[in-house]
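Visitor: Per Swiss-Prot, the feature ITP binding site maps to 10-15, 54, 72-73, 89, 147-150, 172, 177-178. As annotated by Swiss-Prot, Mg(2+) binding site applies to 41, with the evidence given as sequence analysis.
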């Protein structure tokens, strides 16, 4: 009997690989299917509102009854009262990583926190939200630069003062905001089904 499918709407191949690993890969009781839909991203500071708006678009595009989830991740600087937050990818796209780091040059506190918000619609159309959070420090870029801001975020729980980009994937997934949020989704799915 084939495993039930759950749809992850993302166009980010790195994110897809990471989430597949966190949810159990081939050993999971469901099949993770990717739909790279082009969703309009609501602009704002409320992460749950942003994720739920993306989810509603995904449900509309895929049709009712298909279990589907979306995620949105924010990186917030302590000194900037939550900014750039959900706008981080636009900051990086327009300024580059080095200038994003430079924004904190005049501040002693380089503290930051990352939040991943997952919005999930089950097969009955019920909506669920899961969030994970990790605190850390903004540092000069270290490690690969092919996955967003991973090379400038050093989580407080890093054993060797490594950025996400320098960490082994398995280690990163244990402490990252995305790993924490998807661990909640995984527990929910494994306990209640899709």
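Along the chain as shown, the residues are counted starting at 1.
Backbone N, Cα and C define each Cβ position, glycine as well.
Locate each feature and note its surroundings.
Guide: Same-chain residues at least 6 positions away in sequence with a Cβ under 8 Å from that of residue 13 (ITP binding site) are not found in this chain. Under the three-state DSSP scheme, residue 13 (ITP binding site) falls in the helix class.
Reduced to three states, the DSSP call for residue 41 (Mg(2+) binding site) is coil.
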Visitor: Of all the binding-site residues here, 10, 177, which one's CB has the most other CB atoms within 10 A?
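Guide: Of the binding-site residues 10, 177, the most buried by Cβ count within 10 Å is 177.
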Visitor: What is the number of other Cβ atoms found within 10 Å of the Cβ of residue 41 (Mg(2+) binding site)?
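Guide: Total other Cβ atoms inside 10 Å, all chains included: 14.
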Visitor: How long is the line from the C-alpha of residue 89 (ITP binding site) to the C-alpha of residue 41 (Mg(2+) binding site), rounded to the nearest angstrom?
Guide: 12
